[in-house]
Every structure is written in C-alpha cells, then in structure tokens.
Amino acid sequence: MVLNAAALLPGHPRGFGAGVYFTVVVCLSVRSRLFGGVLSSIREDMSGQKPSLRSGDSAQSRFQVDVVTEGSPAAPAPVPAPTQAPAPASTDGSKPPEDSKGRFRVVGFMDPGALGSAMDIGLPPDVSHEPDTARSDSVSLHSTGTGHTHISDSHSNTYYMRTFGHNTIDAVPNIDFYRQTAAPFGEKLSRPSLSELHDELDKEPFEDGLANGDEPSAAEEAAALAAKEGKGGTVKFGWVKGVLVRCMLNIWGVMLFIRMSWIVGQAGIGLTIAIILMASVVTTITGLSTSAIATNGFVRGGGAYYLISRSLGPEFGGSIGLIFAFANAVAVAMYVVGFAETVVEMLNDVDALMTDELNDIRIVGTLTIILLLGISVAGMEWEAKAQIVLLVILLAAIVNYFIGSFMSTESKEPKGFFGYNTAIFIENLGPDFRDDETFFSVFAIFFPAATGILAGANISGDLTDPQSAIPKGTLLAILITGITYVFVAISAGSCVVRDATGDHNDTVSDTVNCTDAACTLGYDFSICKEGGCQFGLMNDFQVMSLVSGFGPLISAGIFSATLSSALASLVSAPKVFQALCKDNIYPGLGVFAKGYGKNNEPLRGYVLTFCIGLAFILIAELNIIAPIISNFFLASYALINFSVFHASLANSPGWRPSFKYYNMWVSLAGAILCCVVMFVINWWAALVTLLIVLALYIYVSYKKPDVNWGSSTQALIYNQALTHCLNLTGVEDHVKNFRPQCLVLTGYPSSRPALLQLVHSFTKNVGLMVCGHIRTVTRRPNFKELSQDHARCQRWLNKKRIKAFYTTVFSDNLRHGTQFLLQAVGLGRLKPNTLVMGFKNNWSDGDMRDVEIYINTIHDAFDLQFGVVILRLQDALDVSHIQGQDELLSSHEKPPIGSKEVVVSVILPKDSDFDSCPSKTTGNQSSPLIMRETKSPLSLTDQRLLETSQQFKKKQGKGTIDVWWLFDDGGLTLLIPFLLTNRSKWGDCRIRVFIGGKINRIDHDRRAMAMLLSRFRIDFSDIHVLGDINTKPKKHNKLTFKELIEPYRLKEDDMEQEAAERLKAQEPWRITDNELELYKAKTNRQIRLNELLKEHSNAAKLIVMSMPLARKGTVSSALYMCWLETLTKDVPPLLLVRGNHQSVLTFYS
C-alpha cells in the first residue's frame, strides 16, 4: 500500500493553497518484507530510539527523509510537523542531501504519526494512512507540476501507484529476464540480484537506471517502437511461404517426372508404394524429431546445424554443420547440371547445340547458377517470390499429368499409354526386376527424392515463428508429397504397360499366342522381350510427358523442380555455413560469419557456395559425388533423430519440447533406419561419410571450443556421474581398490606449482584430487568475487590439463578451514582420504601461534583418519608473490611484485591465505589504492625459487626415488612412489627402499623385505637395511638442535611453578624440560636420520619418508616442528608420508 500526501499552501480550490508545496511520500508496505523492515527501522531512528540505519543526514544513506521542493522558486513556507519527528527540511535554499546512487530514490520515509490524521491534510474520510488498512490501496493522492492536487483511483492513474511488482525493488516475472544477450526479438533485462534484495542497506548494490520491472512511460514505448520501425523491419516468412513451399519444392524433384515411372515398372505398384512408405517413414520420424527440437526453445538461423549442435553439443554439430553446408553447395551443382542436361537434350533434338554436349552442359549450367546467385543476393524476399512462381509451374505440371491420364488417344497406344485399365493395373501390381536391379537398388534410386525436408528448417533465422512454422510446414509437406508420389505410382501403373514398341502395326494377330495386358487391348509387344523397345514404363523416362495433356508443361515442371531445388540449396548452404562460422567452431572461418543488410545476408557465403557449385558444374560428372551428397543429408537426419533420443535419455529438466508427438525409441529407430539406408544407397559412400564425420568430430573434440549450449551430452554425463556415485555408495571399500584421494592445500592452484604437479603425478587417472583454498578474511565474503575466483581457478586447472577440482572456504585460520574441508569435501565414495600440505618453511620467523595452528591441523587430519603427506623443498613452495606467477588473477586484482608501490592513505582489509601466502585483495579494494611504478628485475632468490617450483613439471630422467619406509603405516609410503614411477615423467627413476634393522640381522631383514615387495608386485632396484639408526648423532648436530629449540623452551626451573603454569597455559607450544627429557631418544633419532639422509640420499630425485608422529597433548607444537625441521633440513625434495594405518596394499588376488 502506498499513501501519497501533499501539503499545499492556503488558496487551493479544494481548500488548500496554491504555489510552492512540499510532497512527502510515505511508503507503508504491508506485502513487501523488505520495505516493512526498512520502515520499522526508520521509525526507530526518527523517534529517537536505537537506530538500525545510518542517520538521515548522511550522504551515504539510501533511505532518508528528504523534502523535495516543486513548483515556484519562491522561498518555501514552513510546514507544520509534529515535534516528536521533525522532518529535516532545507530552509536556506541549500540543496538537500543526495541519496546514494541507485535505480530510484526513496523519499520521505517517516512515522505515519508525523502526518497527522487523514482529515488534517484534507484526505477524504475513507482514505486511511495506517499501514494495515487495505482500503487505501484503491485511492491515491498526488501532485501535478501545476500546484494542483488530485485524488484519483490507483487503477486508473499510475503516476505513483503502479501495477503490483512495479513499485518494488523485487521484479515480477518477465520474459526479457530470460533472453540471451544476443536475443533478436527483444532486449535482455537483468532482474535484481539476490545481493540487491538481501544485502545490508548501507551497501550500494544498484546501478544507475530504471529498476528492474519498472514500467516505461507511454512516450518511452512510442520512441522505442519508432526507432525499431525506423531501422526497417527484416523480412520474415510464415509457415506456408517459409517452410511448406520450400519443402514441397525440394521433395518434388526431377525424380517425380523422369524416374517414377521406371521405378513402377521395375518394382510394380505394390513394392513402389512400399518404397514410398519406407522413405516416408524415415522422413516422417525425422520430421517429428525436428519438430521436437525446434519447439524446445527459441530457434535461430543455421537449420540442421543449429538443431544438432544445441542438442548434442559442438562436436557433433560442428562435424555435421560443415558437411551439411558442403552437401548443400554441391547439391546446387547437381540440380543445375540436371537442368542443363534437359536443356541440352532439347537443343540436341532440334540440332541446335553450341559446341558439344559436355561443353554445352557447362555453358548452360554456368549461366544458370549466375542467374540463381543474382536472385539469392537480391534478398530473401526475391528468392521467396521466385520459389512461389516455380511452385505454381510445378503444381501445374502435376495437375497436367493427372488430367492427361484420363485423356487417352489412339496415337499414344503404340507407345504403351491406354488410359486406366484393370488388366494393366493387375499386370503392373507385382515386380519385374531387370538388368540386375533389386528392391534395395530401386529404393536407393528413389530415396533421394524424399529428402529435402530440412529446406524450411535451414532458413530458421528468417522465419517469423520457427517453433510453430517448422513442425507444421515440414510434416504437412511430407504428407502432401508422399500422397502425390503414391497417386503418381498408382496412376502410371494403371494406364501404361511396361514395354511398347511405338509401332502402330504391332497389333494382335490370330496366329500369335498373346496373354499380357497389351494383347487384351489389341497390341502385341511380345517382341520387346528380346530387347530394343524404346517405350513403356521400363524403357521411356519421359512417360509423364507422354501421359500429360500438354507435354511441354512437363518439361517446364522438370525445369521448375531442378531450379527450385538448386535455389533452395543455394540459400541453405550459406545460411548454415554462416551460423557455423558465427560459433567459431573452426578457427579461420570467422570471415564468413559477417552478414549484410536488414536480413543479415551472408553475401560472402553466397560467393563461396557459388564457387563450389561452379567448380562441380565444370566437372559435369556427378555420378560419383551424388551418392556421397545423399549420405551427407542422411547423416544429418540420423543425428537429428539421435538428438531427440539422447535428450530424452538424459532426462534433463531443460528438455521440454512443446511438440509432444514424439517418442525417444521411435527417434532411435529413425536414426538406425537412416544409417541402414545410407548403406543401402551406397555402402562405400556411407563409409566415406562416417569417416569424415568421425574425423571432424575428433578434431572439434581436440580443439574444445569455448562454448556452452547446455547440450544433452552434458546432461547425460551428469546423469551417469550421479548414477555411478550413488552406485559406489553401496559398495564397501576394498584394499585392492584403494586410491590416494588427496585434498591438497594449495591456496590458489598457481601459487604452489611444485606441490600441485607432484600430487597430480600420482593421482592423474588414478584418484581424486581437490585443491583446497582457505581464505582468512576480516570482511564478509562477496559471492560474486567468490564465484569468479572459483571459475578462474577451475578454468586454469583445465587449461593446464590438471585433473583436479578447486574449492575454497572462508575461515578465521588454517586449522578451522582445514576442518571444514576435511569434513565437507567429497561426494559419497569420491571423498578425500589423504591431506597433502606444504612444509611451513618460515615457521621460525613468524608467530608461534601459527605453528600451533599448523601442527594442530595435522593432528585434526589424523583424528579424522586421514593420511597426511607433507612436501618440503629447500627453496619453499609459494611463488604467488613473484610477478606473473599468479595467472589466475587479473592485473587489477593482484599487484605485480617487483614494482614499486606507493600506497595511498587507506588501509586495506586483510584477506590472507594460509601458510605464508601473501595477502590478496579484490579488485575493488586494490585498484584505487595502489599506484605502481616501473618494474625491477627478479632477485636471485626469486629466480631460484621459480626454477625449483617447476622441477616436477619436466621429465626427471634417470635417478632414484628413495623410500625410507621406517614405520608401517598401511603401505601408503610405498604406494605413492610406485604410482609415480608409472608416469612417463618418472618412468626412468628406480625405487630404492631403506628400512631399519639390527646389525646382526641385515641379510635376513633384506630378504624379508624383498619377499614382501615381490608379493606386492612392486619393482625395486635395491634394499638398504640401516642398522645404525639408533647410534648417537654427531655433537655439532645436537648443538644445532639445541640452539633451534632454545627460544621455544619454557625453562620452568628458572621461575616459580605458578608463573610457569600460567605461561604454559598462555603459550601451550612451549617446550618443557620434562618433555625434552622424555623424548630425548626420539629427538636424537630425528637428528641421526637427517645425517643418514645426507649420506645415502643426497643425489635422489625424490625422498619419500615415513613421517614421525607426535602424541597429541604430550608433545608440544614447537618440539614437533623442530623435529620436522631437523629431519628434513638440507636434503633433496622430501615427501613426509603417514597413512591412516589401514592397509592400502595387498598380495591377495
């Protein structure tokens, strides 16, 4: 409910004054939760209670009490207002505070009591301003710019009171919200985002302009309409002119006039009807499938290519689109040559050849295709008019034939035409295959006549309503042409005999024993059994001219059929090719995507099609290419049918065709039928077609075009993945199927390339890898930034061909973030079982509370039964601070290191990553705050760090992976090196195994380990039994360790017990004297192991070592960190591994 109140000066005709006035708009929304909350908060502000919004005089406040002055510029008169809630008006002529930028201004939010009663401001008695009174919805009071106030019904005047949903930030459903960016029939609008509706009011989520869902004024609508009309409307066709006419012209080809009678002679009327029905079944199923796809959303230009690509994806669409466009281009040449051959035959009959037959075909064909090109380039409107003319001629020729079939004359009887006769019908009902013809060979000759059903769909971009036009036009064209073919077959078989001599003297004599139909009609054509006859269904291709009432009209029909098909193909090929080029499936073809004129005509495509057609016309021998072209069309039909089956099988919610007369299994049968027909027509042409489609499919799959059309392939992959995940949940884990599924704390994936590459080496195609990113923030995360970061990181992983997922969490520290990831990451059995981290190289330079968090993170992983892997490189892992390494962030998101930065006096909110990762700030924070100067070269340290970070990316060459399997953790320490050696990068490395043992049992221990490894089927080059692990380390190394732990000791002996306990409670990481004494042997072992590592594995490519464990609550974090530091210091790349002590290896089958 919106109540508009105007306080006017005395003198108004309704009892108020005229002149300067103030308008106070009070919004009391009962239905809108958003405004209801705002009002209650503002009332609290204005009544002096606790404020929930910023004060009204703040320039940043979106919602404030603002007095808007209208009318005369004279000095404003004071307006009485209740003392408890004064409105902050400007009385000195100064400008009132401006609202923050937004789609609209919210003016005059104030307590309803501040307005007084309805009668105080002159409202009618039935109008109430109370927020819960629904009656006031029907009446509003508003001011005009002339100083007059009008009370009017809100349904008739919408100056303030708009339709529901148009006076709120929340928008009502609108088709323009669902359009794509390049929608041709309307402009895309953006609905208010969730942030705009949900975020705190002190934010500024809105952009300039109208609120979504706001109604444009009548003047705006008129201006938009005039602008659209001023550009000149594009030519669009309805279902009759755009689809029905084109399909009928393409299906009624020359086959109808010069081959139909021969097919009847060979196969008989019965099998001919069967052939027609078989072909019609294939085309009808394809038509139903086409209708289903065409009505599943808006259809743009591109015909078969668009339908297939948007359904099955760019791989199938790109391969079919190219050959379909090529097939149409060559089909132009086929039809033009057919026309030229007919013309040349007529010239030959009158002895008027220009040169010889072959060159005359080339000359006539060239002139014809130039004429057709001119019609096409002139525009779709001219082309459509030409098609209408050709259709009229074609229909006249067909009608002329049927009329002639009832007009038999004696002069035509010697040539086999006797009119409708039962004897002829019965004789021609069965087959009489000759010259090695079979049912399938005859079917192969007829089937191309049934193609052409996509002629209308190919110009889908030029149809007024493709979703309605394509189904109606295509299916009706199939029905009409199918019936026509059946009637022509029955007619020809009922009135023309198979063989005739053409001689009037071949009448029946008494001495001849004649039993065929011609004999009953007085003619004896038995001599034709010996061959040589030139008339009849079997011998004369011009039977329809013979039967027709006016022979030349049949020739005109032949011309019309060939020219209309050629014209349709000449238009279809560039349109399909243009759509293909626009999608940029094949690099380098984008030049043909450009359109010209109001209809976006592909003139460059016309020229290309003309050149291809002309080239094949000049060849003038199309007997070889013709079967391949037919198979190209059939391949398209097969994929259209398969698209419907695939989309239905995927069961995607987005598959909702409004055309309901389809069935997924019928479509699958149609696809199979199309493939069968391909091989029936010509088996080698079918193989060539399939090979070309396969080659193009592989190419497009390899190039991976950056498109996302929501194809059924994606939907089916999702279905399969979901099904398999659910199936896995019902299967118990088995040791033989164990895989290291790693949660890797990488931060941004590009920040720690060495860690990423090493883990990828032993998880690729084997196990799950999730890159975890823990972001510690002091501000509430922005969803838009988060989603953009996630998309960039996943895209970077895909680009680098790293098979991993990326996930991020916001947390206050590393430990809590890792706890979130350990518990939440994964789906069913696809869940990490191993935590992989980088070693904290800079631990001694930072806050020891960070060390406490780091060590407790390891403890948490063990508590959750995870294995733990820690990688240490001597030059650290994190390279994100080096310029150009963080490829994930755009230039304004990450300042280049190596440049001098001058920070403006604004403090950035900290948004740091875990484990020594430098602070990262978002673009809207860093851009205005940092000015960058010239770059400086990298330091030697950074250069060495960069080289080290790439060491696992290259081939390792010959060397060793030294496995120090000191403690049995279930076998993870041994499994990881084995998986590494299966990779080509590590294939030349050999595994050396180091184990602990007694000096007097070294040979026994070596044999026992060798037997165990052989049973595990793990190759190794050597086994070393270390009998001197427990010997005392060197003194200088012990002194070094003592110096290392000195800053972290509690030294309780030097202070009172109470003070020591207090300090230990405040700093639990401190090392007690009792702890040092208790774990003295374990400390010496770590020092000694480091000495042995340097002695035996100093040249290893990688060391994989059992991680020492520290008992939780007993060993302090500082001591454990010192153990790890001492153990791993100054050695080659080292991987500390500790499984969860569940077996991951087995020697049982």
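A Cβ is built for glycine as well, from the same backbone N, Cα and C atoms used for every other residue.
What TrEMBL records for 20-42 (among others) is transmembrane segment.
Among the features that TrEMBL reports, region 'Disordered' is placed at 70-105 (among others).
Here TrEMBL flags 75-85 as compositional bias 'Pro residues'.
Annotation source TrEMBL lists region 'Disordered' at 118-155 (among others).
Here TrEMBL flags 136-155 as compositional bias 'Polar residues'.
Residues or ranges marked as domain 'Amino acid permease N-terminal' in TrEMBL: 153-204.
Averaged across the domain 'Amino acid permease/ SLC12A' (242-743), the predicted model reaches a pLDDT of 85. Summarising the annotation, TrEMBL assigns domain 'Amino acid permease/ SLC12A' to 242-743.
Residues or ranges marked as transmembrane segment in TrEMBL: 243-263 (among others).
The annotation transmembrane segment is assigned in TrEMBL to 269-299 (among others). Residues 183, 263, 306-307, 310-311, 425, 428-431, 439, 442-443, 446-447, 449-451, 453-454, 457, 460, 463, 466-467, 470-471, 474-475, 478, 482, 485-486, 489-490, 493-494, 637, 640-641, 643-644, 647, 654-659, 661-662, 666-667, 669-670, 673-674, 677 of the same chain lie 6 or more positions beyond the ends of the transmembrane segment (269-299) yet place their CB under 8 Å from a CB of it.
The list of residues near the transmembrane segment (320-340) in space but at least 6 beyond its ends in sequence, with Cβ under 8 angstroms from a Cβ of it, reads 253-254, 302-305, 308-309, 360-362, 364-365, 368-369, 372, 458, 558-559, 562-563, 565-566, 569-570, 572-574, 576-577, 579-580, 585-586, 608-609, 612-617, 620, 622, 625-626, 629, 632-633, 635-636, 639, 689, 692-693, 696. The transmembrane segment feature in TrEMBL is assigned to 320-340 (among others).
Among the features that TrEMBL reports, transmembrane segment is placed at 360-379 (among others).
Long-range contacts of the transmembrane segment (388-407) within the same chain: residues 241, 245, 248-249, 252, 256-257, 419-420, 484, 487-488, 491, 495, 544, 547-550, 553-554, 556-561, 563-564, 567, each at least 6 residues beyond the stretch ends and with a Cβ under 8 Å from a Cβ of the stretch. Per TrEMBL, the feature transmembrane segment maps to 388-407 (among others).
The list of residues near the transmembrane segment (439-461) in space but at least 6 beyond its ends in sequence, with Cβ under 8 angstroms from a Cβ of it, reads 237, 239, 242-244, 246-247, 249-251, 253, 255-256, 259, 263, 266-267, 271, 275-276, 278-280, 282-283, 286-287, 290, 294, 299-304, 306-307, 328, 380, 431, 433, 469-470, 473-474, 477-478, 481-482, 485, 565, 568, 571-572, 575-576, 579, 600, 626, 630, 633-634, 636-637, 677, 680-682. The transmembrane segment annotation in TrEMBL covers 439-461 (among others).
According to TrEMBL, the feature transmembrane segment maps to 473-492 (among others).
The transmembrane segment annotation in TrEMBL covers 553-573 (among others).
Among the features that TrEMBL reports, transmembrane segment is placed at 606-626 (among others).
Listed by sequence, the residues of this chain that lie at least six past the ends of the transmembrane segment (243-263) yet keep a Cβ under 8 A from its Cβ atoms are 237, 272, 275, 335, 338, 387-388, 390-391, 394, 397-398, 442, 445-446, 448-453, 455-457, 459, 463, 469-470, 472-474, 476-478, 480-481, 484-485, 488-489, 492, 496, 537-538, 540-545, 554, 557-558, 560-562, 564-565, 568. With a cut-off of 8 Å on Cβ pairs spaced 6 or more residues apart, the transmembrane segment (360-379) and the transmembrane segment (553-573) reach 3 or more such pairs and are scored as touching.
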